[in-house]
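S.K.: Swiss-Prot lists these features:
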BINDING   86, 87, 151, 181  [4Fe-4S] cluster binding site
């Protein structure tokens, strides 16, 4: 096995590993290069350019506490799984290696008291509605809700059923709606990124 790895060049401390988004260089993948420019990903981002300028000029930079807290929160969102139907399959898929939502700082938690986001995935029935509200009330502030799929958004296929809530927004306030029946894992991932964008725009200290 070691001989095979040596022939492939994987034992070299400066080996390069190619992947869809660019090239990882170094023993532990110290930098991710953009194949179009050859520079590290995000090097031309105005935010990082300003930070680099401040650090090179003063050795430190001054930022508002709200901006710092918002930055930390968007990179450490813990989500509470609330799978109610087939949408939960796609919700689980977004955590698998193909999408790996944890690389965006979005990790699952089994307790509502440790969660920032609730993903309502599937059909919400009248009997389940009090449990949904109870779990939501146990989440610490600020808390967010992603409504995933047509059934959670508005009842979906069971809209006219006597036993189904016509949208989970009748029970809890919803921040992001992800359409589809069921939505793909890519759609949910896009909704998560939109939630992070909303948090950066609105802030987290007062809500």
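Just so you know, glycine gets a Cβ as well, placed from its N, Cα and C.
I'd like to know what surrounds each of these features in this structure.
M.R.: In the three-state DSSP scheme, residue 181 ([4Fe-4S] cluster binding site) is classed as coil.
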S.K.: Below 8 Å Cβ to Cβ and six or more residues apart, same chain only. Which residues does that give for residue 181 ([4Fe-4S] cluster binding site)?
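M.R.: Same-chain residues close to residue 181 ([4Fe-4S] cluster binding site) (Cβ under 8 Å, separated by 6 or more) are 149, 150, 151, 156, 157.
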S.K.: What does DSSP assign residue 86 ([4Fe-4S] cluster binding site), in three states?
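M.R.: Once the DSSP labels are grouped into three classes, residue 86 ([4Fe-4S] cluster binding site) ends up as coil.
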